[in-house]
Every structure is written in C-alpha cells, then in structure tokens.
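The structure appears right after this line, and notes come after that.
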Amino acid sequence: MKYLVFFIYLCLEKCIGDIIVGALFDKHRGKIDTHSIAALKYAVESINNETAENEPKLVYKIMNIEENNPFQAMKKTCELLEEGVIAIFGPQNLKNFEAIQSVCDAKEIPVIQTRWNAKSRRGSTVINNYPHPDVLSKAYLDFIKVWNWKRFIVLYDNDESLLRLKEILKLTLDRSYTIIIRRLDQYNTGIYRTILREIADSDLTNIFIDTRIDLLQELLQQSQQMGLMNKRYNYFINNLDTHILDFWNLKYSQTNITSIRIINNVRNSKEATEALCVKVEEDELYSECYLRTAYSLIIDGVMMIQKTIKDMKDVPNFGTKKLSCSSTDSWEYGLSFMNLMRTKSFEGMTGFNKFDNAGYRSAFLMEVVELQETGMIKVGTWTAGGGYNLARMGINTSTTDQGESLANMNFTVQITLTKPFGFLTESPNILVGNERYEGFAIDLIKALAEMEHFNYTFVLREDNDNGSKDSSGRWSGMLGELINKTTDLAITDLTINSQRAEAVDFTSPFMNLGIAILFQKPKEAEPNFFSFADPFAFDTWAGLFVTFLVVSFSMYFLGRLSPSEWTNPYPCIQEPEYLINQFTLANSFWFSTGCLMQQGSEIAPIATATRMIGTMWMFLILILVASYTANLAAFLATENPEKLFTDVTSLVENADSKNIRYGAKKNGATYNFFKHSKNPTYQKIFEHMRSHPEDMVKENSDGVKLAMETQYALFMENTGIDYEIQRHCNLVMYGDLLDNKGYGIAMRKHSPYRSRLSSAILKLQSTGLMDNLKRKWWQEKRGGGQCVAEDTQAATPLGMKNVEGVFVVTIEGLAIGLSIVLIEKYINISRMSKQSGISFWNMLKHEMKCYVDFENMSKPVLRGAEEENEEEYQEYSK
Ligand code: GLU
C-alpha cells in the first residue's frame with residue numbers, strides 16, 4: 001500500500017502533473033512588480049487555453065524579492081526549486097539575478113533573463129532573450145553613420161550605459177567626429193538642467209540619449225523647458241521602451257526624435273497590453289497599461305518553454321524534479337532542456353525569436369520610430385545584416401500630398417536687402433523684430449502668414465548671397481543656411497533653376513522673369529549731311545525717280561500719238577500746211593519737273609490722255625510732298641538715337657570695337673544660366689565673364705551703378721531692370737528676354753509645407769494681390785514712377801510700303817492715258833480718212849510714219865478730193 005501511494009505520487013508529479021514555471025521578481029521601492037507578474041500570468045493562461053486536455057498544463061509560482069537582496073534571492077530560489085520548477089524567470093536587478101543564477105547553475109535549472117546584460121556568458125544556465133548587447137551597440141553605431149552625425153552629445157545615466165555605447169565611444173578616436181559625453185544625474189537629484197543648459201549654449205544639435213525609461217520623460221520635459229525641443233535638434237533614444245511614453249507635449253515641437261523598439265507592431269499587442277492593464281487595476285485602484293520590452297520578453301520566454309516541453313515530452317522518463325538546496329542533486333534533464341530551448345525559433349511578441357550558435361539572440365528586427373504629430377510612428381526597420389531600411393512606412397503620404405497645416409508654426413524666414421524685395425524700414429523710431437524690414441518679400445510673407453496662420457521671424461542675410469554650389473558640392477548663401485537648418489524659408493529674388501531644385505524645395509513661382517540687358521539709353525546721333533533725304537527710304541526715292549522717267553517719256557510718246565496735241569502753229573491760218581506738237585522730249589521732262597517742284601510750267605497738256613497722265617503725276621507729287629513734309633517735321637522733332645547695339649548678339653559682336661564692358665552678378669542665377677547654356681553666343685558671354693572677373697559685380701546694384709556711369713552692359717533679370725529703369729532715367733532695357741523662369745520661396749528638401757505655401761501663392765495670384773504688391777513696390781514706393789515713359793518711337797523713313805498705293809494709282813493713270821490715246825487716234829484716223837478720201841490704212845501709215853520721225857515735231861496735213869488726195873498721198877509718201 002505504501003508503494004502504491006508512492007507510485008501515484010510519482011505519477012502525479014512526473015507523468016501527468018502540471019509543469020511549474022517559477023519566477024522571482026524584485027520589488028521596486030517596496031512595490032511588487034505587478035506588470036511582470038501580470039505578463040507571466042497572461043502568458044501562462046493564454047498558453048494553457050491553447051493546450052489540449054490531455055497535455056500537461058503550465059502553472060506559475062511567483063515570488064517577490066527585495067531589490068538588491070541576493071541572500072533573499074537565493075533563499076527564494078531554493079524554495080522554488082523545492083516546488084519542482086522547470087525554469088525560473090529572473091528579476092531585473094543584477095545582484096539578485098546573479099545569486100539566483102549561481103543556485104540554478106548548480107541545480108541545472110534554466111534561468112530566463114529578460115533584460116540587457118553585457119555579462120551573460122555561454123555555459124551557464126541563463127537564457128537571455130534580450131537582444132544581444134554587441135548587436136544593439138552596432139545598431140546605435142549604424143544610426144550615427146546613417147544620419148551622418150559628425151558632432152553630437154551623448155547623455156547617459158549609469159555605468160551600464162557606457163558598456164552599451166562601446167561602439168560609439170570608439171568613434172572618439174576618429175578625428176572627424178566631435179563627441180561630447182555627459183553623465184546625466186550622478187547624484188539622482190532628478191535635475192538635468194545644468195547639462196541641458198550646456199547643450200543650449202553650444203552649437204551641438206544632435207543628442208544621443210541612453211537612460212532608463214523612468215528618467216526619460218522628465219529629461220525630455222526639462223529639455224523642452226531649456227529650449228532644446230525645436231526643429232533644430234535631433235534626438236536618438238536607444239531605450240527600447242519609448243512607446244510607453246506620452247509625447248503629447250512634444251508632438252508639435254517639430255523636434256526630430258527617433259527611437260527603436262523590438263516589440264513588433266505595438267498596436268497589435270493590444271490584447272497583451274490590456275491584460276497587463278487589467279491586472280494592475282485589480283491591484284492598485286488605477287490603471288497603468290503598458291507593455292514594456294521586458295514584459296514581452298517574459299511572454300516570449302513562456303512560449304519558448306512551452307515549445308520545448310512539447311519536444312521533450314517524447315523523451316523517456318522526462319519529468320521535473322523537486323530539488324533541495326541542501327543536497328548536491330541536480331535536474332538530470334536540465335542541460336538538455338536548456339540546449340533544446342536555445343534551438344527554438346518562433347514568432348513572438350518581440351518578433352522572430354531565434355538564438356545563434358553561441359546561444360545569443362543576435363538576429364532580430366527592430367522597428368525605427370519617429371515622433372510625429374500622431375505619436376511615435378514607425379518609419380523603418382533595422383536588422384543586423386541589412387542595417388537601417390528607412391522606407392518611412394509610417395508617414396501617411398496622403399497628408400504629405402495635401403501639405404501639412406502651417407497653423408501656429410514658427411518659421412525663420414531669411415531675407416536679403418535686394419531691391420525691392422527687402423529694405424530697412426525708414427523710421428525716426430528705433431524698430432525691433434520684423435518691423436525693421438519692409439519690401440515686396442516682407443509683404444508677401446505677411447500675406448501668406450495671414451492666410452495660413454503661421455508665425456515668422458525675419459533673419460537678414462547681409463551679404464545678399466542667394467546661394468550657389470561650390471566645387472565641393474557645398475551650398476553657400478541662403479540655400480546653404482536652409483540646408484544646414486539654420487532657417488526654414490528663404491525669400492528674395494531667388495531664381496528657381498534645376499540645380500537649386502535638386503538641393504532645396506521651391507514653392508510655385510510667385511513672379512515670372514527672364515534675363516535681359518540693362519544699358520544706358522542711346523545718345524543722340526550727329527546730324528547727317530543728307531538728312532533732307534531721311535523722310536523717304538531709298539526705295540521710295542528710287543520709285544519716285546523711276547516714275548518721273550516713266551511719266552516724262554509717257555508725255556513725250558503719248559503726246560506725239562495724241563491727235564489733239566498736234567496743233568496749228570499759226571492760228572490765223574484756217575487750214576495750216578502742217579501741225580506742230582509741244583511735247584518734245586525736253587518739254588516733257590520740263591513739264592514733269594515743273595510738276596515735281598510744284599512750280600508748274602508754260603507747257604499745258606491739251607489731249608485727254610496727256611492731261612490724264614499729268615493729273616496722275618501731280619496727284620502723286622501732292623501726296624509725296626505732303627508725306628515728305630510731315631515726316632521731315634517728325635525727323636527734325638525727334639532725336640535720332642545712336643544704338644551701340646540692339647540685342648545680345650550685336651552686343652557680343654560690337655563689345656570690343658565699341659568699347660563696351662559687360663557682366664552679371666557673380667555666382668547668381670544669371671551667371672549660371674550662361675555657364676550651363678549650350679548656345680554658342682551665350683557660351684561666348686560665359687567665356688567673357690570667366691576671363692573678365694573685373695566685369696562681374698557682387699550685387700546687381702553695383703552693376704546698375706556701373707551701367708549709369710560707364711559703358712557697361714549688365715545682364716540682369718527683367719524684374720530688376722523694370723525696377724531700375726523706373727528710377728534711373730538714363731538706363732533702358734535692350735533686347736528680348738533670353739530665357740523664362742520664376743522666383744520661388746525656398747525651403748528644405750521634402751518639406752511638408754511646400755504644397756500649402758504653393759497653393760496659398762496661387763490664391764494670392766488669382767485674387768490680384770500679387771499684382772498689387774508688384775505695383776506698390778515697383779512703381780509707387782521708393783522713387784517709383786520717376787522716369788515718365790517717353791515715347792521713344794523714333795521717326796522712321798517712309799518706305800515704298802507706306803506709299804505704294806499712290807504709285808500704283810499713277811501707273812494706272814498712265815495705262816488709262818494710253819488707252820484713251822489709242823481710241824482717240826483710231827477715231828481721228830477714221831475721221832481724217834473720210835474727210836480726205838484717203839483710205840484708213842494709208843492714213844494710218846502716214847500717221848505712223850510721222851510718229852516715228854522723232855526728229856520732227858511737225859507733220860503735214862493731208863486734205864482734198866478723194867482721188868486727188870490719194871495721188872497727193874502717193875506723192876507725199878514717196
Ligand atoms: N536672382 C538671381 C539668383 O537667384 C540673382 C540675380 C542674378 O543672378 O541676376 O541668384
């Protein structure tokens with residue numbers, strides 16, 4: 001009977017008995033670690049829920065020990081061993097843990113450690129499922145490298161931190177790094193302000209924090225009080241528990257706070273978090289719901305035990321054993337159990353749990369989280385093999401597309417004193433802050449701020465350097481400041497070009513422009529000796545001369561043809577022997593000349609045709625003389641400017657011969673336009689600019705001065721030219737625009753504010769406010785409108801195009817005259833043939849014979865009876 005009871009007892013313990021998992025958790029400041037207890041209970045219960053009826057269930061045996069009390073820890077371990085535990089979850093306190101470990105080493109009972117421990121070594125019974133210290137150290141180093149921190153400060157709170165940071169500390173040997181290391185609060189006063197003030201006074205903006213989670217909230221709060229929580233500062237917190245902190249007061253500070261965590265999908269671990277929360281509520285009357293890494297590791301540890309038990313249950317005679325510390329006994333399956341546990345790989349709360357050959361958890365995935373307005377958001381991952389993979393998965397792209405709200409944001413806006421974008425306000429009073437500046441850019445920012453409700457502070461860039469890239473790829477000027485995060489926005493005559501757009505972001509252009517030439521107004525030319533000829537262009541003069549010849553010859557030839565022009569030389573003789581014609585060649589020319597000079601002549605045409613020609617000629621002269629007189633008046637009244645060049649090509653061609661210097665603003669967008677242009681003329685200009693540095697100006701205003709005083713042509717953007725020619729009346733713009741581009745407000749690359757600012761600019765343009773601002777600063781303020789736009793239209797000679805109509809009318813007159821003559825001649829010959837009885841053809845022959853006898857200006861008259869006359873004709877024609 002005694003043996004039967006013993007057998008039943010053994011069977012209960014060894015065959016079907018529940019498996020006890022022990023745990024020793026430290027109290028913290030007298031309070032028991034309810035969260036660890038809750039985590040263990042939660043893990044055991046959830047595993048049991050999934051275990052089949054005939055499978056052994058897990059039970060937990062938890063004991064609480066005082067902090068830093070190794071003696072008590074050993075004692076409690078022995079008590080647990082006497083219960084027959086299969087494994088023990090160790091406490092966070094290292095001294096306690098070491099005491100437990102020493103007992104368990106002797107008894108070959110696995111101890112599970114869930115905290116960072118640099119000293120954990122292979123060969124002991126400890127199974128540490130916290131990421132391996134060396135791998136973590138590498139993750140920190142990777143961060144420094146990926147974020148390219150060359151100058152940073154490390155804040156740590158205890159000696160353990162230094163072990164964690166050993167890889168980073170090695171960087172101090174590298175001269176390219178400036179690393180300042182400060183212990184936060186050696187004497188546990190909870191006041192970190194001295195160190196924080198030191199940071200605020202320095203120019204360091206990158207801060208690496210290694211502290212316990214319970215100090216972190218206070219540290220961040222004090223940093224905010226010290227002004228270290230704004231977009232200038234970048235923080236990296238290596239604590240894996242930042243997800244349990246509340247960052248509500250830092251969310252809108254725009255501080256770059258990055259951290260890492262091993263609990264994958266914290267949000268998916270809701271159930272566990274709630275379980276932990278409920279347990280606390282039961283104990284304490286308020287709820288503290290959070291899932292620290294240590295608690296997740298307890299849950300994963302229980303899973304690991306359960307998975308190992310499943311594998312061990314097929315081992316013959318496998319069972320737990322009650323052990324006594326006073327004996328030398330140990331658990332015979334202990335080492336096998338432990339080794340099997342180390343081979344387990346499974347997906348747990350902290351991602352994929354897997355141990356390397358050395359028994360460490362060296363392959364794990366961490367999530368990279370960043371503080372955003374919605375909290376700590378996952379922006380990438382880190383793995384030991386692949387390093388950081390920052391896909392910024394957490395960023396909601398739809399929000400970025402629409403642009404982030406600018407409401408209540410504080411922007412530092414960099415400006416320059418480039419006319420008319422920025423001026424110092426003229427006032428008898430001493431002005432401070434933004435009041436000190438006025439100008440187009442200032443008004444524009446003001447309008448945008450009113451629309452988008454943001455605050456701004458102007459920062460003046462005194463050297464007016466908009467920014468250019470040097471040979472080493474570094475940006476100078478305003479763009480350099482933007483990239484270095486000294487300012488947030490830059491506004492001036494900042495031209496958008498592709499090179500700049502690669503380095504910074506621009507809003508949509510608020511003004512369009514192109515490059516043109518600013519040069520002195522052309523001077524009045526010396527009076528010309530032949531200036532009387534100026535009113536008509538050469539072709540008009542030529543046309544007039546040709547028409548004069550045509551008219552004169554027409555008078556001569558048609559005059560001879562026209563019967564009416566043959567007149568009786570002796571009017572008292574009724575029937576003259578011969579007739580004479582007044583239109584000799586000389587008389588014809590004289591007639592035309594008389595008409596041309598508007599003086600008339602003694603010669604008066606008689607025939608319809610000659611009168612027709614004469615009339616048309618006089619009409620032509622009338623119109624031409626009137627045009628000549630009017631245009632001559634215009635020529636006399638207007639200055640005749642002498643342009644040294646007319647456009648960019650003629651400037652380049654004539655620069656040397658006419659002694660003209662030319663250049664542009666050094667390293668400005670205009671200079672860069674020529675530098676990168678493929679056009680041969682522009683390349684020549686760039687070559688000139690490069691080889692004549694003395695012709696390049698530091699600021700456009702220097703170039704304007706040069707242009708006013710010397711023969712200097714300044715390549716400048718037409719917006720600037722418009723401004724200057726309103727105020728300097730001896731300057732004028734030459735040629736057309738060489739290109740077409742715009743001015744934009746610049747900000748750092750990938751800025752979330754770009755689209756909001758761009759749409760605000762478009763709104764200002766559509767409401768007409770932009771035009772009003774332009775009118776105000778270009779035409780009205782600061783000497784605008786001084787130079788009344790002169791009617792610079794110089795008198796131009798009248799070309800054939802202007803007067804061709806009147807020439808055509810004259811030629812048509814000639815043609816009509818010719819037709820009339822022919823009709824008249826026909827009628828006349830017919831009549832004469834009838835009267836004289838000479839046949840028509842004979843009469844025509846006679847007439848033509850007389851006509852071609854050009855030497856004779858007289859012709860005989862044929863008369864008498866038909867036969868007689870025929871004879872007479874025959875005789876005459878002989
Ligand atoms: N707007 C130019 C720039 O952004 C400066 C003036 C110029 O180059 O003509 O650099």
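Glycine too: its Cβ is placed from the backbone N, Cα and C atoms.
Predicted, not measured: the structure shown is a model, and the values here were computed from it.
Summary of the site annotation: TrEMBL records L-glutamate binding at Thr495, Arg500, Thr670. Screening the candidates Glu435, Glu438, Glu717, Glu724 against this entry identifies Glu717 as the one listed for that site.
Cβ-based neighbour count (10 Å, all protein chains) for Glu717 (L-glutamate binding site) stands at 27. Annotated L-glutamate site Thr495, Arg500, Thr670, Glu717; additional same-chain residues within 8 Å of its Cβ mean position, judged by their own Cβ, are Asn466, Asp493, Leu494, Ile496, Asn497, Gly668, Ala669, Asn672, Phe673, Lys741, Tyr743. Largest Cα-to-Cα span within the L-glutamate-binding set Thr495, Arg500, Thr670, Glu717: 17 Å.
One residue stands out among the recorded positions Val648, Cys729, Cys787 for having the most other Cβ atoms within 10 Å of its Cβ: Val648.
Using Cα positions, the member of the recorded positions Val648, Lys675, Cys729, Lys763, Cys787 nearest to Arg500 (L-glutamate binding site) is identified as Lys675. Considering only the recorded positions Thr495, Thr670, Glu717, Cys729, Cys787, the residue whose Cα is spatially closest to the Cα of Lys763 (site 'Interaction with the cone snail toxin Con-ikot-ikot') is Thr495. In the shown protein chains, 23 other C-beta atoms lie within 10 A of the C-beta of Thr495 (L-glutamate binding site).
Proximity of the recorded positions Arg500, Val648, Lys675, Glu717, Lys763, Cys787 to ligand 1, judged by a Cβ distance under 6 angstroms to any of its atoms, singles out Glu717 in sequence order. Closest in space to Thr495 (L-glutamate binding site), of the recorded positions given as Val648, Lys675, Cys729, is Lys675, taking the CA atom of each residue.
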